[in-house]
Amino acid sequence: MTALTNLLDLDPAQLVAYCGELGEKPFRAKQLQRWIHQFGASDFDAMTDLAKSLREKLKARATIAAPAVISDHISSDGTRKWLLDVGQGNAVETVFIPEENRGTLCVSTQAGCAVNCRFCSTGKQGFSRNLTVGEIIGQLWMAEFELRRSKGIEPGPKGERQITNVVMMGMGEPLLNFEPTVTALRLMLDDNAYGLSRRRVTVSTSGVVPMIDKLSQDCPVALAVSLHASNDPLRDGLVPLNKKYPLKDLMAACRRYLEFAPRDFITFEYCMLDGVNDTDTHARELVALVQNGAESVPCKFNLIPFNPFPESGLVRSNNVRIKAFAQVLIDAGIVTTIRKTRGDDIDAACGQLAGEVQDRTRVQERMQKMAEYQQKFGKNFGRIVEVPR
Ligand code: SAH
Ligand code: SF4
């Protein structure tokens, strides 16, 4: 028997091609896409405006399946974190951060990460594998419809959208899993799927220069660059990728990106590490880096207080230091924010996403448990997405 096609893996053009293979007209793909991405449907029988014959064909050949949810935690500040099973003992996390006027979903693009930044617990885990399109977009699909379900909001375009912004700041380096990331981005932007504005979708990268250029051509969205250092020797030690793509090249790539970007600035993320990169001298060096005549980069800074994890050997800068550092940038006319840490009580903060995953024996145990439950209660146990009726 041939494997079922997971329709979450297909972008709009691929879905049209798939429908073509089934002998169906392109408008069927649009209908199907709306059922999947606007109504959160996973049951072909629920797609009542599709001909019964098409539904039967789909039931025989296709599926709509996001990664199964292993756990689901809600923090006292409303931040919600899901741990998702991506097979073979690998798990990734998705975090929803509600704010007054928006809801942001932080998605993962890889299980583990090969870049191995010194301050990042995902990097410490090593690289397991790239996520598929279905596993990336499946995070948005699962989260949007689960959030609606928990609030009693109807699916479909009429129901109030819960996720207004997406940031690719979960586990993994999105630009090292380029094609699946871009396909997932296209679905996020598509009007027959999530219809998010390019300005509200952000790719965060540690600085994969050629892929920054490729993103500017293939699917320009807002760009965040994880800078973390004001000079090459310091950045070489914190973000090993810097040895391959040093600051001068990275800054040039940022300038090129802005010619195509939906925003007129790059967001630089800067993790505040006590005694490592947080002095006023570092801040002044940063100003000189980004305000450098013809080589300047229009930018905003987002200072992230380091989230410690046991074996890092690093310490978070204190608040007074972070504020003083920010002031140097602000005095130079650079818009600078200090990231609030959210979801601390559920380990949902930046760079802590791997917390639970690292302990693979625990993940294995949980999966064992889930398999037992599934045997008892049916295969949909562990998937919090129900079949809409
Ligand atoms: N790989 C991409 C996106 C995922 S990391 C990147 O590096 O940009 C998302 C953000 O969290 C990055 O800015 C990263 O540098 C930051 N981060 C990682 N570990 C952290 C930690 N322990 N404390 C604070 N920020 C961290
Ligand atoms: Fe990978 Fe980003 Fe972590 Fe660096 S900070 S190891 S690029 S996930």
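We number each residue from 1, going along the chain as drawn.
Cβ coordinates are placed from backbone N, Cα and C, and glycine is handled just like the others.
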| task | Can you match one of S150, S197, S204 to the S-adenosyl-L-methionine site that TrEMBL gives for G172, E173, S226, L227, H228, N307? | result | S204
| remark: Rounded Cα distance in angstrom between E93 (active site, proton acceptor) and N307 (S-adenosyl-L-methionine binding site) is 16
| Near ligand 2, which of the recorded positions E93, C113, C117, C120, E173, N307 are found, taking a Cβ distance under 6 A to any of its atoms? | C113, C117, C120, E173
| Whole-number Å value of the largest CA-CA distance among G172, E173, S204, S226, L227, H228, N307, listed as S-adenosyl-L-methionine-binding | 18
| query | Using C-alpha atoms, which one of the binding-site residues C113, C117, C120 comes nearest to N307 (S-adenosyl-L-methionine binding site)? | reply | C120
| field | Protein Cβ atoms within 10 Å of E173 (S-adenosyl-L-methionine binding site), excluding its own | value | 27
